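Note sheet for the following structure.
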Amino acid sequence: MATMYSAAVEVISKETIKPTTPTPSQLKNFNLSLLDQCFPLYYYVPIILFYPATAANSTGSSNHHDDLDLLKSSLSKTLVHFYPMAGRMIDNILVDCHDQGINFYKVKIRGKMCEFMSQPDVPLSQLLPSEVVSASVPKEALVIVQVNMFDCGGTAICSSVSHKIADAATMSTFIRSWASTTKTSRSGGSTAAVTDQKLIPSFDSASLFPPSERLTSPSGMSEIPFSSTPEDTEDDKTVSKRFVFDFAKITSVREKLQVLMHDNYKSRRQTRVEVVTSLIWKSVMKSTPAGFLPVVHHAVNLRKKMDPPLQDVSFGNLSVTVSAFLPATTTTTTNAVNKTINSTSSESQVVLHELHDFIAQMRSEIDKVKGDKGSLEKVIQNFASGHDASIKKINDVEVINFWISSWCRMGLYEIDFGWGKPIWVTVDPNIKPNKNCFFMNDTKCGEGIEVWASFLEDDMAKFELHLSEILELI
């Protein structure tokens, strides 16, 4: 049995980084939106970007580590525009923006980046601040950054942002803005031109989705899934594993599914995310014990689905989850599908029809988000009440809930601090709550999808077995 790789980790320093200029008095109170209120304060999402030592500096005394002061100064400039991130949370209603600052760790990793990354189960938690790894540790800073410096000159930058104030799109915008500011500062750009104007956020979520008084009280918050801080216990046997779906396999499945699509969806080719989501659903369907029904909750970015659409740089949580499921007794029983399935159908065709049905249902639920205003309001109401994510039974059948979040097409592999593009970008899946959760991200080529899956140990073994069987079958 392979031994778990463990690098010696030494925390060199911890600092507080504040905005370069004070936040104006009229911006000192940043109101949360209704959607912000629905996310837990303790849940931080760590994004890790790996940058190898470049050829130009790998043989000399200068390397990425010499840029630490530049990283800090550019981060300070970036916080001027992302000022709520440097504030402190008050009573699930607003952020006190008196420039309290974010936490910044400088860490030395004894070993080479290539050795660290070559492990079958990469120990990503070693690159995170301890206060992020443990959900039960109280935190004040809404953003925690750790710069990990390897002996070889490579660097892994970990940015952890509280989900209370930011979704995946906002987290991506923040890191891209910081990198752009660093790169421009390195080349001698003027202070006024340091930040890419296209990456300056807009703050309109609270006006679009006003906060709820109900969600400021303990009783109101208790209705929201994940609102209570999870305990760190030795009994928690949740494990995480990385799965990579390459472009060739995704394309093969997509072409087979396209033939089956109903007429009203023919013009909409399945996306990579839809294909992989359907494969995940089918695998958990096979892994789910008899008498239970798996329900998949998929995060949906509202920005482009609003009327009129919002900017990509709109700050905050502008995402909801939509829920999709297919009871085993009704899978592949629609009239359209019955015409093509008969007693001689191969098992692979049956599975493809099931994937087709699931994608059709998921699209139908997502279409409600971008439909009329009333439909969108109902989706948001269900999300804010915790109804969708806390489903217990459907038609008297016990439900097992699964959550999927996609970071695809967010430009994470384009993030350049002046060292070139990262060789790997990933999300640490081990932050609680993580049981039955999936994180999707692009592979480096931009065509495949990397998935981090988290299950209890026994469930992981079942999921892995069934996923491999399905991929081999179709």
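Backbone N, Cα and C atoms are what each Cβ position is placed from, and that goes for glycine too.
As written in Swiss-Prot, here are the features:
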ACT_SITE  His163  active site, proton acceptor
ACT_SITE  Asp416  active site, proton acceptor
COMPBIAS  214-230  compositional bias 'Polar residues'
REGION    213-234  region 'Disordered'
Problem - Cβ neighbour count within 10 Å of Asp416 (active site, proton acceptor) - result: 16
Fill in the blank from the handout: Within 10 angstroms of the C-beta of His163 (active site, proton acceptor), the count of other C-beta atoms across all shown chains comes to 23
Exercise for the section: List the Cα distance (Å, whole number) between Asp416 (active site, proton acceptor) and His163 (active site, proton acceptor). Expected result: 24
